[in-house]
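To start, the structure under review is shown below, and the notes come after it.
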Amino acid sequence: MAKKRDVWITEVALRDGSHAVAHQYTVEQVVKIAKALDEANVPYIEVAHGDGLAGSSLQYGLSRTNELELIEAAVSVCKQSKIAVLLLPGIGTMKDLQQVAGLGAKMARIATHVTEADVSAQHIGLAKELGMETVGFLMMAHMAPVEKLVEQAKLMESYGADAVYVVDSAGALLPHEVRDRIRALKQHVGVEIGFHGHNNLSLAMANSLVAIEEGATRIDGSVRCLGAGAGNTQTEVLVAVLDRLGVKTGIDLYKMMDLAEEIVAPMLPAPQEITRDSLVLGYAGVYSSFLLHARRIAEKLGMDARDILVELGKRKVVGGQEDMIVDVAVEMAKKRAESLVQ
């Protein structure tokens with residue numbers, strides 16, 4: 001019998017964690033992890049390329065195994081957990097959504113930049129038609145004022161989303177900023193609210209707890225912190241903390257501890273740490289994809305890549321605007337040269 005839950009956790013190690021293993025998951029690994037998560041009574045397990053359905057590419061990183069095989073394998077071993085997928089319109093297509101629904105995925109999480117919810121309308125609509133639980137995923141949530149976030153969440157709600165997430169893609173939000181956003185959504189949006197954190201400033205756990213305090217009932221976690229950058233909120237730790245707080249997750253804590261230690265840890269190429277790189281991404285509030293570009297141009301111009309990333313963050317440059325990195329760096333180099341002449 002399913003345990004009562006106050007908060008519904010989605011485990012993202014098999015999607016966000018794909019970044020940490022360079023998208024090299026095998027069917028055997030996915031089966032092992034998904035089966036253990038199912039036995040621990042985790043309600044949702046997200047499986048896909050790190051950048052969502054159809055993300056396998058030279059630009060985003062090639063998958064070792066076709067994600068459809070991974071999704072099918074996860075579905076086959078889960079008796080109670082539902083398999084979720086992430087789809088970014090423009091990368092994943094309506095056809096991709098239909099395929100995974102046919103394989104048995106039960107939840108679709110449709111992700112857009114925080115100011116671009118309008119591009120999710122068709123995909124949310126299709127997911128609902130396919131009978132999938134449907135989530136709106138507003139990424140880079142630190143880049144929009146609270147009023148804009150509310151407006152965009154209401155759009156996703158109007159398209160049929162069952163829940164809307166505040167997604168801290170860059171791990172840049174501070175606890176009071178999470179509080180303001182979740183509180184506003186709870187006041188103005190009629191569906192469930194969720195939070196997806198990244199640990200680049202070591203705040204994923206604190207931010208998740210603040211979100212729950214403000215009424216979020218959907219929280220993302222990643223076992224052993226396996227995710228992009230410094231990883232996500234560590235699921236087994238989150239379950240323990242929520243248990244101490246009297247918040248019911250319905251998840252077996254000891255089984256989560258064991259699968260983290262015995263199954264996931266040996267698969268990691270390196271422990272998830274807050275490195276200089278992930279820290280600067282959280283500090284600057286920019287996409288991780290900017291890092292290598294900034295490094296290359298900084299080397300050519302004799303600059304510190306961190307200065308470029310911080311300036312890009314100030315200008316609120318978003319994913320897809322990688323060409324701006326060169327423009328901003330050249331402009332900064334010119335200013336520096338002028339100041340030396342003076």
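Each residue's number is its place along the chain shown, starting with 1.
Using the three backbone atoms N, Cα and C, a Cβ is placed for every residue, glycine included.
Since we're looking at a predicted model, the values are computed, not measured.
The active site, proton acceptor annotation in Swiss-Prot covers HIS19 and rests on sequence analysis. Within 10 Å of the C-beta atom of HIS19 (active site, proton acceptor) sit 19 other C-beta atoms, taking all shown protein chains into account. DSSP gives HIS19 (active site, proton acceptor) a helix state.
For ARG15, ASP16, SER169, HIS196, TYR287, the entry in Swiss-Prot reads substrate binding site. HIS196 (substrate binding site) counts 31 other C-beta atoms within 10 Å of its own C-beta, drawing on all protein chains shown.
As annotated by Swiss-Prot, Mn(2+) binding site applies to ASP16, HIS196, HIS198, with the evidence given as sequence analysis. Summarising the environment of ASP16 (substrate binding site), the number of other Cβ atoms within 10 Å of its Cβ, over all protein chains shown, is 26.
Sequence annotations record features per position, and here Swiss-Prot assigns domain 'Pyruvate carboxyltransferase' to 7-257.
ARG15 (substrate binding site): 30 other CB atoms within 10 A of its CB, across all protein chains. Per Swiss-Prot, the feature site 'Transition state stabilizer' maps to ARG15.
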* Rounded to a whole number, how many Å is the Cα of HIS198 (Mn(2+) binding site) away from the Cα of TYR287 (substrate binding site)? -> 12
* Asked: Whose Cβ lies within 8 Å of the mean position of the Cβ atoms of ASP16, HIS196, HIS198, the Mn(2+) site, other than those residues?
  -> VAL12, VAL167, ASP168, SER169, GLY171, GLY197, ALA204, ASP220, SER222, GLY227, ALA228, GLY231, ASN232, THR233
* Count the Cβ atoms, other than its own, that fall within 10 Å of the Cβ of HIS198 (Mn(2+) binding site), considering every protein chain shown. => 30
* Among the binding-site residues listed here, SER169, TYR287, which has the most company in the form of other Cβ atoms within 10 Å of its Cβ? -> SER169
